[in-house]
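J.: Quick one: this structure, given as structure tokens, is what I'll be asking you about.
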Amino acid sequence: MFENSKKVESSSNPSEYDEPNPSEAGSANAPLTRPPGVHRVCLPPRQTSVQKLRRRLLEIFFPDDPLHRFKDQTWFRRLVTGLQCSFPILKWAPHYSFKLLKCDVVSGVTIASLAIPQGISYAKLANLPPIIGLYSSFVPPLIYSLLGSSHHLAVGPVSIASLVMGTMLSEAVSYTEEHALYLKLAFTSTFFAGLFQASLGFLRLGFIIDFLSKATLVGFMAGAAIIVSLQQLKGLLGIVHFTSKMQIIPVLSSVFNHRNEWSWQTIVIGVSFLVLLLTTRHISSRRPRLFWISAAAPLTSVILSTILVVCLKSKLHDIQTIGQLPKGLNPPSAHMLLFTGGHLALTIKTGFTTGVLSLTEGIAVGRTFAALKNYQVNGNKEMVAIGLMNIAGSCSSCYVTTGSFSRSAVNYNAGAQSGVSNIIMAGAVLITLLFLMPLFHYTPNLILAAIIITAAVGLIDYEAAYKLWKVDKLDFVACLCSFFGVLFISVALGLAIAVGISVFKILLNVTRPNTVWLGNIPGTQIYQNRNRYTQAVRVPSFLILGIEAPIYFANSTYLQERILRWIREEEQWLASNDICELRCVILDMTAVTAIDTSGLDMISELRKMLDKRSLKLVLANPVGSVMEKLHKSNVLELFHFEGLYLTVGEAVSDISSSWKDQA
């Protein structure tokens, strides 16, 4: 055995890589043991295939070890813990106090003043009756308050999901000519969105939504926000005949082709309220303590604009209003779900798309405010909560809902302490549904357009786009592609482009991994990238390369070609400068976290090719899983005695010493 002064990846009985005898080592003068200070490279502990599979599955699906809280507990305590995990409200409700209730009442009433006008506005954005937006602000928050783990997430309709649903469904069904069918498709799409979301949570497949990277989401949100805002020019200008398309060119064409329908009264009042809403939003963003100004502004604008229309009804006859809204609680809609017919594929596709978007937004918002208050939001639980919330909503005349960033920010700033704030908000919406609906009869459409534009402006994150440009140009290109895809193609295809770019970036990093040329920092045993550290110097007769990715079938050929190119360029440089010839190539395997059979074949072929050129190939610090596969595939036999080292420094020192001894 090699002399061992330090164990790597060891256990109580680590497997070891046996040293070949001198005859196998390829040199009669090879030492029987490594000199002191050169450490043995160990194999990982032996495990059966079942043990490896179990460990791998646990790492994939249960990285947070959700069952750890059940260990060493009595059966009763396990039952209580299980109920608390399923219904987080049972965890904090016993400790709830009147002081916390006062905070939640204030925040609940505050977000209700924002949720009511936004609910009506976003429903119109989805081409649904305004009352559906209020229904969606009543039942889902109650469900989430029981199942959700975030204390600050304010649940309700959101602009992006509303836009996507309205766009995808209206491409196949006219919401004006086939109103009943359109409503059924919206509820069915909501059901499939909830089913998809809950399934991801139950199966712990939340990593699927991570394919929507931040860069692509920034571009997608900005493009969708612009489309949303342009669509609201219909209400802001008083246009009656407007395009249903969602691309920027048809929308702008429709605006200017119907100039004869523009109403100066609508424009003056609409722009005035839009300026008011944007001003209050700016004030609250600059001074968070004045959050209540922007929170109360939408409902105040609705009240003022309604009073204005009522008082000047005879003079403002060109202004369009919402009209009569039915009073009462959510009517059941389970009988309206369509699981057969020619539109089933459309509802599944719409549900999947809106489900991914709303899930991404809801979890991101929940984690943002949880980080500010130093508590943890469980992603899989949130998926289940949001999914079940939407399934229940589809059966009670609601469409897709999730956590809204604008309402959640108001909820946080208002001092919310728990999910009770959602219950208070739902109570305020209930009172509105039962008693206040006739008051919205004369609410003008222009104020809804102004509210939507104000909310959409907040989705354009130009600071994040600038940061992408500074930090990662490829991410910025992905952001631009998704942005222009939404603007000029369609919202759905823009989302597909965003996902495609994210996947392409992953494939690019996998298939074209980075390789670096390492040099020695003088006076140390440290070897670093020579392009990064100018003080790192070339080691005579050695070419030291670092591979910074796993080696798979997708990149093994590229890595082999790239390593051979490094060798060719190094030999040419040495020859042109009349310096000693290249004798050894060291591959630093520290960052190679995995390898497959194609990678093993590449290592084997590279070793044979370099042997024919009288070049030694050495591997430094292969990790446990790579070491195990090298051993099982018999590739280690090709490396003999001086082929494996714990560090690059030990490899250089030991091989240099052996060359001196041979000389």
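The backbone N, Cα and C atoms fix where each Cβ goes, and this holds for glycine too.
TrEMBL labels come from automatic prediction, so no person has curated them.
Got these off TrEMBL a minute ago, pasting:
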DOMAIN    532-655  domain 'STAS'
REGION    1-39  region 'Disordered'
TRANSMEM  153-175  transmembrane segment
TRANSMEM  181-203  transmembrane segment
TRANSMEM  215-242  transmembrane segment
TRANSMEM  262-278  transmembrane segment
TRANSMEM  290-310  transmembrane segment
TRANSMEM  423-440  transmembrane segment
TRANSMEM  446-464  transmembrane segment
TRANSMEM  476-504  transmembrane segment
J.: Let me check one thing: do the transmembrane segment (290-310) and the transmembrane segment (215-242) come into contact, meaning three or more Cβ pairs under 8 Å with sequence separation of at least 6?
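T.: Judged by the Cβ rule, the two regions do not touch, with the required three close pairs absent.
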J.: Out of 153-175, 181-203, 262-278, 446-464, 476-504, which stretch has the largest tally of CB pairs under 8 angstroms to the transmembrane segment (215-242)?
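T.: Between the stretches 153-175, 181-203, 262-278, 446-464, 476-504, 476-504 has the largest tally.
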J.: The transmembrane segment (446-464) vs the transmembrane segment (181-203): three or more C-beta pairs under 8 Å (separation of 6 or more)?
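T.: Not in contact, no.
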J.: Which stretch, 181-203, 262-278, 423-440, tops the Cβ pairs under 8 Å count with the transmembrane segment (153-175)?
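T.: Highest pair count goes to 181-203.
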J.: The transmembrane segment (423-440): which same-chain residues, six or more beyond its ends, come within Cβ distance under 8 Å?
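T.: Distal contacts: 104-105, 107-109, 111-113, 115-116, 119-120, 130-131, 134-135, 137-139, 141-142, 145, 154, 302, 306, 322, 324-330.
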J.: By DSSP, what is the split of the domain 'STAS' (532-655) into helix, strand and coil residues?
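T.: Reading the DSSP string over the domain 'STAS' (532-655) gives 58 helix, 21 strand, 45 coil.
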